[in-house]
């Protein structure tokens, strides 16, 4: 007798699982960057339009498919058409690639969390050199936070060609991260369903605390003014719209198979339409909320750096020209520089190279995303706060919860099709399958703990999912509307939620969303072609900064394989199905 499918304890548990998965690190470290780069508050206009046109409809479609077919991604698309099993396989491959590198972020979060209990924080000042005669040169040329990240944490090599050695502290943190994931997924929905209450709610609790703290910081208003001042001219920039669509797409986690897997554990009559709207709005609301927190802290950091810059210039001029203390201040600095230059031109010329041009706007305009924002910019701000250890612990605990929540979804996308397989489930218990997936990912993940690991992390992060996911979701949408049939899908939805979908959903599924995905696909292909030789940012220890370098040939081959490995599954599976059917007797297949 076939085993009954496990179910969520209640609909709220399912919603929490979706929120925990969708609300991830991208909400904290990419959305604020896009706001900063594309017009502040003005970026919300294309963002919200893309949410309506793309985000909610595609999220609803994936949840409905999972709930109706009651299988993981491979089984669900195979049920719709045997020729589409490759879509599910492609989703699993992309999720596998994502799991390989994504949990490294959790390892870094563990590393920073453990170091957050030190007083003072280890990234608050530069370490002394071997002779104890001064500070380490690399740290002096960069900053304490950059040095702690690039040297103490990942111990980065000068280029991707120099692999270096494995960093064993990082390995221990990676093993801990995978062990944590394994404990959370050990018993499927039974254990995951309990964990998501924590991973979904704790980040909001921390963000709320940070909001209160951030708004009271000196200079926070500068950051918030920068964010909420709309630069409407950016609306004419096509890249603002492209990035808004891309952010919505990847933030919701479309195409990975995780949402289909989660929805497959729902009751057949669950209102997935309502849940799609709720999850979409909460995800976007979190991005905006996190941006307010980020920009208040960013304003504090920018103001702190700006005022420090002014103080250093004032001190330099006061000492050089033997002026009375307090004679130069921030208000009259520009006038005093002109006066000193006119009065003592030769002396001023000798000190001029050391005089920095301090600008608050320049500090606020410095756009940073990804690990740079999460582990460098935030660390820079935290170290200057009172009771910095407390704020550091809270922040990296939040990062850990966001990363863990996303990992639960990623592993569900891999495990659900595997546990749905009769062959595997009859020979291996669920706990063993979960353990093997975690173990294999952890072993492969050791690549990212080498000194060149951060460069490989960027390759996986930039190329493993972007184009493949666009193609996967495009095929999904076309398959539901034109292979399975939109009218048939309407009837399924009526059985599940009690009414047919409105014209809005049908227009989005059949026309608007596919056209938008095709546009994004064309943009990315064109962008890659126009870019020419792909480059990466390498750390130059002698200069204490990142410099652009061309990817070597073997790295370009890996990028090509990452993109092709998942995409090729779609036509390959269809071809295999076609050959199998040709080799057998002709028979009429019924789509269940």
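Think of each number as a place in line: the chain as shown, counted from 1.
For all residues, glycine too, the Cβ spot is worked out from N, Cα and C.
There are 24 other Cβ atoms within 10 Å of the Cβ belonging to residue 283 (Na(+) binding site). According to TrEMBL, the feature Na(+) binding site maps to 22, 23, 27, 251, 283, 402, 406.
For the transmembrane segment (12-31), the list of distant contacts is 63, 105, 192-193, 196-197, 199-201, 203, 247, 250-253, 258-259, 262-263, 265-266, 270, 275, 278-279, 282-283, 286-288, 290-291, 294, 369-371, 373-374, 399, 402-403, 405-406, 408-409, 412: same-chain residues at least six beyond its ends, Cβ to Cβ under 8 Å. Residues or ranges marked as transmembrane segment by TrEMBL: 12-31 (among others).
Look at TrEMBL and you will find 43-61 (among others) tagged as transmembrane segment.
Annotation source TrEMBL lists transmembrane segment at 82-102 (among others).
Beyond the transmembrane segment (166-185), the same-chain residues lying 6 or more positions past its ends with a Cβ under 8 Å from any Cβ of the stretch are 103-104, 106-108, 110-111, 153-155, 191-192, 195, 404, 407-408, 411-412, 415, 434-435, 438-439, 441-442, 445-446, 448-451, 453. Look at TrEMBL and you will find 166-185 (among others) tagged as transmembrane segment.
Marked as transmembrane segment by TrEMBL: 197-221 (among others).
Sequence-distant contacts of the transmembrane segment (241-265), counting only residues of its own chain at least 6 positions beyond either end whose CB sits under 8 Å from a CB of the stretch, comprise 5-8, 14, 17-18, 21-22, 24, 26-27, 30-31, 34, 37-38, 43, 46-47, 49-51, 54-55, 58-59, 62-67, 69-73, 76, 88, 91-92, 94-95, 98, 189, 272, 279-280, 283-284, 287, 406, 409-410, 412-413, 415-417, 465, 468-470, 472-473, 476, 516, 520, 523. Marked as transmembrane segment by TrEMBL: 241-265 (among others).
The transmembrane segment annotation in TrEMBL covers 277-298 (among others).
TrEMBL lists 393-415 (among others) with the feature transmembrane segment.
If you look up TrEMBL, you'll see 436-457 (among others) marked as transmembrane segment.
Taken from TrEMBL, the feature transmembrane segment applies to 463-486 (among others). Remote same-chain residues near the transmembrane segment (463-486) are listed as 58, 61-62, 65, 77, 80-81, 84, 87, 90-91, 93-94, 97-98, 101, 249-250, 254-256, 506, 509-510, 513-514, 517-518, 520-521, 524-525, 559, 562-563, 566-567, 570, 591 (criterion: CB distance under 8 Å, separation of at least six residues from the stretch ends).
Marked as transmembrane segment by TrEMBL: 507-526 (among others).
Within the chain, the transmembrane segment (554-579) has long-range Cβ neighbours (under 8 A, six or more residues past its boundaries) at 82-87, 89-91, 93-94, 97, 160, 455, 459-460, 463-464, 467-468, 471-472, 475, 534, 536. TrEMBL lists 554-579 (among others) with the feature transmembrane segment.
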Message: So if I draw a 10 Å sphere around the Cβ of residue 27 (Na(+) binding site), how many other Cβ atoms end up inside it?
response: 25
Statement: If you count the other CB atoms within 10 A of the CB of residue 22 (Na(+) binding site), including all protein chains displayed, you should get 27
Message: Return the count of C-beta atoms lying within 10 angstroms of the C-beta of residue 402 (Na(+) binding site), excluding that atom itself.
response: 29
- request: Could you tell me which of these binding-site residues, 251, 406, has the fewest other Cβ atoms within 10 Å of its Cβ?
  value: 251
- prompt: Counting Cβ pairs under 8 Å to the transmembrane segment (436-457), which of 82-102, 197-221, 393-415, 507-526 comes out on top?
  reply: 82-102
Other parts of the chain folded back onto the transmembrane segment (393-415), taken as Cβ under 8 Å at six or more residues beyond its ends: 17, 20-25, 27-28, 72-73, 91-92, 95-96, 98-99, 102-103, 105-106, 109-110, 112-113, 116-117, 180-181, 184-185, 188, 192, 195-196, 198-200, 202-203, 206-207, 209-210, 253, 256-262, 374, 378, 382, 430, 433-434, 437-438
- request: May I ask which of the stretches 43-61, 197-221, 277-298 has the most CB pairs under 8 A with the transmembrane segment (507-526)?
  value: 43-61
